Every structure is written in C-alpha cells, then in structure tokens.
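Report on the following structure.
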C-alpha cells in the first residue's frame, strides 16, 4: 500500500498492489543432535531444526556401529527416541533425520553420532525389610541386585519418626556395612526404621542407593528385669549396692525399696527414705535380714513385674568405739561439766568414765569418786586442768578401746553472787523503803541498786537508783521491785538478784484545800481542791444556794441554816437563772476509792452569781397549718425582756429580704412567698434592756401552695366498642383549691389502661388524652383512666382513676367500603372495608350488576365471596357489592353497598373485535362437543374440530370436509331472539351458541382471549336486537 503525502501533510488516495501466493522452500534440517545420557538402560532422543514449509511425516533411523565390519546396522526406525540396550554397550549410535514436508516432498537427510555407550551402574530393586519389628529383634534387608553382586553391596540403617519417607529426616543407627542383618537397638523404639541398600560391583563401582521404610513403628517389649543382685558388706556401717538388668523400652523412673526382715520369708518392713540403689547399714538393721525390691517402669509410665532379691546373711553389729569425745561446759568453779561423745558399734551398754585433774606443771591425778558422765568443779580445782576418759562398752559387754578427751581449764573462780535480798520498811503510801543484801564472790565492790514500779499489767517502770525509796500515790496499787547487781572489787559483775514487794496500800483520805471561784450563769463552776490519801473515789458533794454570804460558825453549820437551799450534788455545778444574785457554797467529804472517808471541808464564793449575756439558741420554724408558720427559740441570759421578732424571705438566688410588718411569732404565707424560703429572726433582750445577737432560723423548704388535686374522676360515654369515653375531673369546692386550680395548675396528664387475663392493668402506650375510642380488642376487658395534675412548680398530685365495666361489643357496621380492581373485564375485583362491632362472624357479600341509567340490580348467582373475577357478561355494567356485617354471635348490622365504574374491555381485545366487525364476516376454529346429549362430564377427547362462521346477518357451525366427506353445516340461524350466547363461569374456554331450543352448540376454544373475542363479535353483529348497543359499550363509532 502506497499513500502520497504533500510537504504540508495533506494525504492523497492510497494505492494497493498484491503479490503472487508465497511458496514454501524445499524441506531441510539443521542442528541435528542427540540428547540424553548415553548409558545402558537410558532413553536418548534425536533432535533437529526443520525448515521448508509445514513439516510432514519426516523419517527417523537409529544405526549401531559394527566395529568388525566397519559399517552401521539399523536397530530402530520411525521414532526419534531410542532406549539403549545391553547390546549397545561399547558401541556408538548414529541418528538419521530425513525431512519431509506436508506435500510429501523429501529433503536431504542429516545425521548425528553419539559417544560410546557406557555400561549401566549396578541397581537394586524390590528392597524389603524382613524380621520382627520389636526392640532387640534381628531384621534383614533383602533386594534384587543387577549390574553387581549382593555380597559386595552395602546396607546402612536409619530411624525416622514419620511413616512417610523423607531422606532429610533420617538419623543413622549404624554405619554402611556388607552385613544385611541388624539388631534393633533401644533408640529405635517408637520410630520407623529405614534401610539404605547401595548396590556395588566387586571392583567397587556403586549405583544409586535404594531406601525402604518399615511398614510400622518399632514396638517395645514390656518392662522387665533379666537379673537382680545385692553386693557389699553385711555389717553395721557397710554399704550394700543393688544392680539389675533392664529391658523393655526406655527406662523411666523405676521404683527401688529396701526392706528389713526379722526372719527370712516374712513380709518385712520398709526402710523409709531409702529409694536409691545404695544403702548404708544403720544400727536399726542389726540382727535382721535385708532385701531389695525393684519395680521396672518404662518412660511412658508402663509398669513391669516386681522383682525381689534377699540378702545372704543377717546384719552384724560393728565393734564398739567412740567416734568423738569432749567436755562441754565452762571451766568455772561451781559450773557443771558434761561429757559429749559419739558412740558407734551396736547398742551401747554401761561405758566407764574417769575424771582427771592436771596441774600447770603436768602432774595428773584422778579425781576420786568422779565416775559419771558429768562433774562440777570445786574450790580445789581452781587453777587446774580437767580431762575425762571413756571406755566404750556394748550392751553384750563387748569392750572397745579407751579414749581420753582434751583438757579443759584452768578452772577460774566463780562470779560474784547475792545469796539473799530483803526489804526493810512498811508498804504504804508516804513511807520509806530500804533493803538488806547478803553478798559472796570475792571482795565486795560498788554494787548497784535499781528500784522499779511493777503495775498490774506487768509493765516495769524504773523510778530510782538510791539506797532508799519514798512511796507516792503513783505507787499505790502497784508492787515495788528491787534489782541488786553484785560487783566484785576487781570490777567483775555477778548475776543480778531481784525481789518484789507486796502491793503498796494507800494512806488515809484527807482534803487539803477547797476554793470556789467567781460564778456566772451558764458557766460551768469547777471548785479548786486538793486531795491526799490513795486514789480518790466518788466523794460527797453538796452545793448550797443562799441569799446572803455566811462566814465562821454559820458557814460550818450551813446544813442547818433556814434560808439555805440545796441546788446540786455533783463535783461540778453550772449556775442557772434561779442562782442569779445569790451566793453558792460547797460541802465536800473527801473519799478514797475503796470508800473510806476523811474529814469534810466547806467553802463559799466571794461574790453573788452574775447573769449571762442574753443569747438565743435553737431558733426554728414550725408549720402550724397549711400556710401558717410559728417561730420559736430557747432564750438564755438572765430574765428575758421584750425580745424582737422578724420574718425574712429567701429567693432561689439566695437573696434574703425582710418581710415588712411581720414582727410577731406567727406568720401567714402570701402569694409573694411562693417558690421562696422563709426564715424567722429572734433578737434576745434581757430584762435590764441589754440586747443580744440576732439569730436566724434555718430556712424552710420552698414554700408552695396547696397541690391541686382531683376530688373524683367521671366518664362520659359508654363502655361499648366504637364509643368514645371522655374523662371529666371534679374539682374540690374549697377556696384554697379553687385558687390554686385557677392560678397554679399547669397541665393534666391522662393514661388509659386495659385489664389483662391475670387481673392486672396493662398501659395503652399511645392513649394519653382525656378521650379514648373503645377498640375491638377491648371487648370483655375493663378500661381504666388515670389522671395526674401537675402545677406550675413541677409538683405532681396523687393519681386519681376510674374504671369501667367490661367492654361490650358494638353494633356490627362496615365502614370505608370499596371495590379494588383495574376496571377491565378480565380483572379480579375485591371488596374491602373496615369492620367494627365485636368479632366479625360470617358477614354476607353479594355481587350484582347495574345497568347505566337503570336503578335495577341483576344478581350474579354464586358470587358471595370477597373476590370476584369479571368476564364479558360484565362489559358495560357497574359491579355492585352488598356487604351485610354479621357479628360472631349472629347479630346483623345495616347492609352497605359499593359499586365500580362501568366495566370496560381489555384494549387488546377491543382492537381485535373492531377489526372483525369492520370485516363484516369472520371465521373461528373451535371444538364442538360431539356428544351433547351425554350427562357425563365433558372431556377434551369428546370434542371435534368445527368452523364457526359469523357475519352481520347470520351465524353457523360447519363441520369441515375430510378425505371421505364434504363440509356439513350443523347449525344455522339469525340473531333474532331467542338467539343468545352463554358463558361458563367454571370454564373460561367454553361457550354455548343458542339459536333456539333445538339448535345449540357447546363450543371450546384454546384460550379465554379467543372466547371473549368470539362472544363480543357475535354480540356486535346481533346488536340491532339488543336494547343497548354493543358499539356504545365498546365505544365503537358506527
């Protein structure tokens, strides 16, 4: 293709030119070669690059070199592959490639020569493992060796944990050996064993090894012992060692126990704590037989049979000897020394002891009479060394070598000591205690003394270090402990010695001083007094009030004075209002805690009791009645005068304002006080006009008017289904309620309830108005209406409610009755409406037809259901449904009717009918019942083919011609009455042509559509005999 283009880029018309058909080149081949291993048993392949069109059935030849003749022999033809045989070993092979194209044209052949064919390495097949796959069993690897000898081949054994062969997971159990047999070791238990069989020639050439894996894992033997023995020395202190041979998998924690037996053959007693293979014989085993018991246990927990090995002889005791001997104790005069030794060699008897005294120059002498295991050094031993010897003796009088201990010493003098200590003096409060002590232990030095107070709970308190102690009140009821520490002249201290006294008793009670300070009303009066004589008890106190001050004998005889009044009997007295301007005196009898009394004391105040400053406390408000409050408080401070009262109002912001004109103790609430808090103010004023501080009460709760409430609730309407119930509130006639209802009522909330089966009421969630329309589901239930009033302050009153009697069903009625459907003669129509009046029973429905412009109704027989399927008989009529509501108890309501628009014909049917009427003559193929007189149910098999001919003047049914007969007219007639067409409501494919009483034809068509077209066409041609024009029904212009 050539397309001319100008310099500016404009393209011209392209020009085309075609060649002759391309021909293929002659067939040829290049790069001929042989691929594959040139080894006996291998398959080699000849290859080459073909050229020259499409390749056809090219030829291939394999030639073997004949060394003796110097030529080549054909060994294979027709295939490019060749398997090297034993005869080819030591020879070269030539591959010949003869190219041939698809048309059969043969080209020049090309060849390639192979190297000398080598002999195949040795090979083994059918390798197997023969033998019992159990621990310690012998197995053998066998196989068929080609190219070598079995005797030269080698086998190596492995183990693996997988039943699937994987060379990377093998673990070697042996080295590669010529021996084919192998004894399974313990390490292969639970594993699969693998044999690696390597074929070899006698001169050492080997081939590819073959592996074989056992069919199952190696099984283990049950745990058991093949021998059990005890070796060692059967004497006390000897070591016995048990040994055994274990078989049966990997050994786990086998159980070992050693037993002692009084005689051979008895059960024996377990040696506790010995669970090893070795046992060192103790003293308890002397004279008894010993046995070792072993229970083999495999590592997976399987337990074998117990084996017992009994010792050869009884256990012998060891020779008596002392393993150690030493003296325990301090080398001090008077301190007991004891022998500490460790005996070995059976049961010890009465071992012999001897004590020795050694001087500083080495001279040793036995201490006479010291033959026991302990010794107390005396004064004679001071400066000497002490040692002891012991000859061990067994209980059967067998004696061992004597052992001498190391020396201890030299013995030094004892520490200072106090042998006796006693008190001197009386154990009474106010007395002085001393002591007497007896010292020993060298020359006496500066001994120390400590005095302690010991209380009943055992607590010790150090109180003095003097040589004497003065007893005080703190010591009464406690004990005194004296601690004496002996000290030698050289400063050595001995062990302290202590004694404890009896309980210190108190002294006689006595009052030392009594003073009454200045008095003031309401101030607690505490007299200044001083007591002595043990712990003070509840003494006698009498407070007197007198109008004049008493002195001298008159004061001492105050109890007999005429104008004196007793005003208290407690240690502390608080003057009250009656004591103001009078004098107070106190009579005191000091008494000890144990009830012992001392001499009385009397004291009087120096000035009369003064009044306290006026104050008021506990100021509070009391609501006397609704809206009326009273304030009160407790006055104190002399005699009250004309105190001042006030009232305050506190709003929600916390601002307090004085209520003008409110200055009495009572106050009546006004509208201004609502939603505020009230406070009462009290300013105390004494009779001498001294004024105190103003005190305010705590604020009241927020003052609110009476809560509006409903006296009763009434209902208008009846508890009948469909009726409307309305709740009406009755308001109390009181002035207060009328006021709050008119000024402070905010809203009234309603809630309707319906009774349940168990007698409770369930709320109706969406019914929250004062009116309620009774529903169908309420029939038989009671209704309840609750009313709650809320005021402007957010308060809610008590719930008021009213209940109805059980709801009765209403009169049956149907509402919103309508017919649903598209309006064509083939549609399905349904009547819908809302029923009320109890549970609907068998309501009646009747479908009718109504001619346009006529009041008459034509009943449609059998159509009494809610659904109606229209047909061509309904065309031009209105469908009318009369619905008579019926309750389940049979009560009927008023009937109600509803109608449709005139029924129209389906658009596709209209088109076809118009076409046929415009033609003026039309034929339809139908089926005619050939047995019209039969009363049996008509089936398809009883119908025959007919031709229905229809035109503007007449109608006829023709039986068509057959091979043996001519066409025959069976029915012929005009459209004059009584001609008509009948339909079958139970079969949409059937129709009946009635000319007169003797000429009828029961016809069947294939579809309802055809039937409707036939009927409408026939009625269209017969319209001059009808009262209503079918063309008007079909809206056809004539």
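Backbone N, Cα and C atoms are what each Cβ position is placed from, and that goes for glycine too.
Database features (TrEMBL):
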type   : residues : note
DOMAIN : 28-112   : domain 'AIR9-like A9'
DOMAIN : 123-214  : domain 'AIR9-like A9'
DOMAIN : 225-309  : domain 'AIR9-like A9'
DOMAIN : 324-403  : domain 'AIR9-like A9'
DOMAIN : 417-501  : domain 'AIR9-like A9'
DOMAIN : 515-603  : domain 'AIR9-like A9'
DOMAIN : 628-694  : domain 'AIR9-like A9'
DOMAIN : 814-899  : domain 'AIR9-like A9'
DOMAIN : 929-1025 : domain 'AIR9 PH-like'
On the DSSP side of things, how many residues of the domain 'AIR9-like A9' (324-403) fall into helix, strand and coil, could you say?
3 helix, 39 strand, 38 coil
Summarise the model's confidence over the domain 'AIR9-like A9' (123-214) as a mean pLDDT value.
85
Please list the DSSP helix, strand and coil residue counts for the domain 'AIR9-like A9' (628-694).
3 helix, 34 strand, 30 coil
Going by DSSP, how much of the domain 'AIR9-like A9' (417-501) is helix, how much is strand and how much is coil, in residues?
3 helix, 48 strand, 34 coil
